[in-house]
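Colleague: Mind having a look at this structure? Questions to follow.
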């Protein structure tokens, strides 16, 4: 983004080209084709009128408003480039220990600065103090003062493969953040050689870009991006996560607007990824319509949960032997851990912990509590005249709830009280539902088509099963026993009548033949 915030410059491949967008008009201003792939570029002025492109053929191309202005070559292939505004130097680093300086005021190369490391990956410039910081393949960060051409300090950041892959100064000039090839970001105070904070992306991919962002609340946060995810976190609160974005394509670069919630990512795709986070700040003036869109989305807000996944920390994964799956589709990085499929977690736990003594002890305690409850003296109530089977099922649900409430507690635990109200049992004593078990108008006909339609999975109990259910929870009177026996006798009579009718129909068929 240009310094005045009005233009967006994007480079791409196939073929190598650059496109400049006029944000106030929401349109592309122009596009130009280049001779080689763009490795990095810098905006030298307040707008798009002065651009410098570091290309893959060891050339630096300068463009003006009208087009290409000048081209020069560096002694070695460059990997990164930074513009030091305090001195007017364009500094290029690459696979050597030299830092090539092209002074734009004199129009010639100056004596290169030399680093201790043999190969340099990235370079960053501090907008406040003018210091230069270079990250090397050896895992070190060296700071240079352009006025002395000598290194004024060195930080041993990492031993990861690839070394330091991203460097960014805090705008206040007192701290610097460095990302390595294993997804770790370390924040340093320039007055100390020890990191004040270490942030892990938990996926093992190299850090592509680092940005400091100042929100509308004047709070400064760090935006770090690897090839898969962009994370926003607070460096002053032990790296507390604020938000995360997964574009779905490989990430190459990130562009942010201070005091706004807009973010644009350059992806391995023909389109850019545009994301708006209202919690960071309002939308820029040239796209204020995003405010209305987010308000409409808030009205239709839905929550999603990982019902079939279990959250595990990195330590738990190592204990289960699943740490080798970090970075694969089997694990989903989230906050300070990962989401693991329940089936995979169960199999891994069965292998890592074939006999869990703690779970065995809990099961034994529960069995003893259940045996004690079974030996207690219980009083049975009289069965209601209406909906007796429904009342028995409610009592069954209350007993199960009571067992769940008492699970894992001592017998003398005051929380394990038989006087607690449980679902189901409370309905029989509630005066509001008394008519449901006394008035025949409220009787539930379980044989009706309406009941079967509303309850397709309802259990179908035989007369004997129904009688056992009632005897388990209620004290049946002789009249109720006779009613149950009458029902059984009626069912037997109906069955014999159907058999006799079948015999008569078979005899009539034989006579007709």
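Start at 1 and count along the chain as shown; that gives each residue its number.
Each residue, glycine too, has its Cβ placed from N, Cα and C.
Okay, so TrEMBL annotates it like this:
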COMPBIAS  462-473  compositional bias 'Basic and acidic residues'
COMPBIAS  474-488  compositional bias 'Acidic residues'
COMPBIAS  492-504  compositional bias 'Low complexity'
DOMAIN    2-303  domain 'Nucleolar protein 10-like N-terminal'
DOMAIN    306-353  domain 'Nucleolar protein 10-like second'
DOMAIN    430-457  domain 'NUC153'
REGION    392-428  region 'Disordered'
REGION    448-513  region 'Disordered'
REPEAT    157-198  repeat 'WD'
Colleague: Count the residues of the domain 'NUC153' (430-457) that DSSP assigns to helix (H, G, I), to strand (E, B) and to coil, and report the three numbers in that order.
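Modeller: Result for the domain 'NUC153' (430-457), in helix, strand, coil order: 16 helix, 0 strand, 12 coil.
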Colleague: Can you tell me which parts of the same chain pack against the domain 'NUC153' (430-457), counting only residues 6+ beyond its ends and a CB-CB cutoff under 8 A?
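Modeller: Sequence-remote neighbours of the domain 'NUC153' (430-457) are 384-391.
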Colleague: Please work out the mean pLDDT for the residues of the domain 'Nucleolar protein 10-like N-terminal' (2-303).
Modeller: 90
